[in-house]
Amino acid sequence: MAVASPRRGGAVALLLLLPVLLLAPGAAGFNTEFEEDKSPKLPRCNNPFQKVKVVYWVDGEQMSALIGMTARFGGMVPDTASAAERLPAVIPSSKTGCQKSPQLAGNIAVTERGECTYLEKANAAASSGAKALIMANDIDDVGKMVCSKNDTALDFKIPVVIVSRSNGLKIFEAMDGAKKVEMQLYSPNKAAFDGAIPFLWLMAVSTTACAAVWTAVVVGEEEKKAPSGDGEGDQEAPKTEEPEIVELQAETAFVFVIVSSCVLLFLFFFNSIWSAWLMVGLFCLGGLQGLHFLASTLIVRACKKCGDTKIKLPAVGNVTAVTLVVLPIALFIVIMWATHQSSPFAWVGQNLMGIGMMILVLQIVQMPNIKVASALLISAFLYDIFWVFISPLIFKKSVMITVAKGTDDGPSLPMVLKMPKEFDVWNGYDMIGFGDILFPGLLVAFSFRYDRAHGKGVANGYFPYVMIGYAFGLSFTYVGLYLMKSGQPALLYLVPCTLGTIVGLGAQRGELSQLWNAKA
């Protein structure tokens, strides 16, 4: 059966993408809570930080809600929209809000950060009769507004909320031109059950399983006829395009980790819109190849003759009819996603492109044995832990999570599968990084090929058990996410559950040496 298989250029391009795919963190959740225990508390300045939903209207039209955070001092915001007042937003006479402004009375004051302290701004707004104060930070992050031991003017009761620079710019732009802007501040309680997680879990497990069996089940493997002496058999034998295979070596693992770390640090220190769009461009390239591969193989599987029909194009040469049909559709999906990333349904296109790319990568890139698997997965395991948990000790914040968040005024890193939190009042998405599917997926795919090469079934094979180990490891990831309420490096759970499973089974069956040196 002739199949639209990936060419050498596609293999090289996707191999170069692998270090980038390591960037995305494991199960998301890093944007749901604030770190409550790392900022000082003092008498009369000991409020818990509240994540605040800033809902605003421009000339009566409701805009997308913004996210802010309350200070250690001042009042608290209500936890329901019905209890929150909808009030006009006003900029004080001085945009920094360091002096009293009579026009603030009964309104929500909106100021910039700078010129004076948080407390001086809050006192000026409170003494002017403002109902609340919203402060735009000078960086694309919310800062933690705390007190020093010498601060004394802490008797005001109005809520003080800080938003990121880009969110502040949205507010100021809305208030330009004498437009009427109204605001409502409240802090809804997070839902106890996250209904998106089971769907995300199923998506990740299904992608891993499908990628492992895709070549055997979808592409199909035909027996090649032995050539006869008179050459007649050669004429009848169908020509099958073989996919380019990149076989990893143990040294590759360390190259991936070093290159990925360099890229991660570059994005951390130069976290700009253009670097984010560079990642989007790379993702679009891989997604286009992935969508084309998936659709082509499925069509050719259903209609074997379709893959044999070729059309000669000027300057291009022979192109299959399947490619002429599939490639424009795939390109349309990629362009629509790239130009509508802020759409509520953009996650559908991102997931389609991501799943296609990962299945294609796992057909092209293969591990020959568990010696290479051990080097790669353990390196990725340590990489994940270091850049999520240990990097804050060096760089003051988690490098991987900071990069994954992106900038508020640019696209976020697209190297994740995501699912909207439909049952969460904060909305947002649950996510899992491509690396948390690809790297265990390489081992899962190896176990499937090994079982087929050695005639193993469900009972005495390795594939079913490694797949079960992956499913359990991903479940443990989400348990850790729920308990710690912060983003988790999924490989911390996935590597022991997958690599540990195949090593343990191999040792029990006396086949560890074969697995270690296999050429499946």
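From the backbone N, Cα and C atoms, a Cβ is placed for every residue, glycine too.
Annotated by TrEMBL as transmembrane segment, the relevant range among 51-70, 431-450 is 431-450.
Checked against TrEMBL, the range among 108-135, 276-303 recorded as transmembrane segment is 276-303.
Across the range of the domain 'PA' (90-171), the DSSP-based residue counts are 20 helix, 18 strand, 44 coil. Same-chain residues lying 6+ beyond the ends of the transmembrane segment (345-365) with a Cβ under 8 Å from its Cβ atoms: 6, 10-11, 14-15, 17-18, 21, 203, 207, 210-212, 214-215, 243-246, 248, 283-284, 286-294, 333-334, 336-337, 414-420, 429, 434, 437-438, 441-442, 445. The transmembrane segment (199-219) is in contact with the transmembrane segment (431-450), judged by 3+ CB-CB distances under 8 Å for residue pairs 6 or more apart in sequence.
Confidence over the domain 'PA' (90-171), given as mean pLDDT on the 0 to 100 scale, stands at 88. By number of Cβ pairs under 8 Å, the transmembrane segment (462-484) is matched best by 431-450 from the list 315-339, 372-395, 431-450. Long-range contacts of the transmembrane segment (315-339) within the same chain: residues 2, 4, 280, 284, 287-288, 291-292, 295-296, 299-300, 306-307, 309, 346, 349-350, 352-353, each at least 6 residues beyond the stretch ends and with a Cβ under 8 Å from a Cβ of the stretch.
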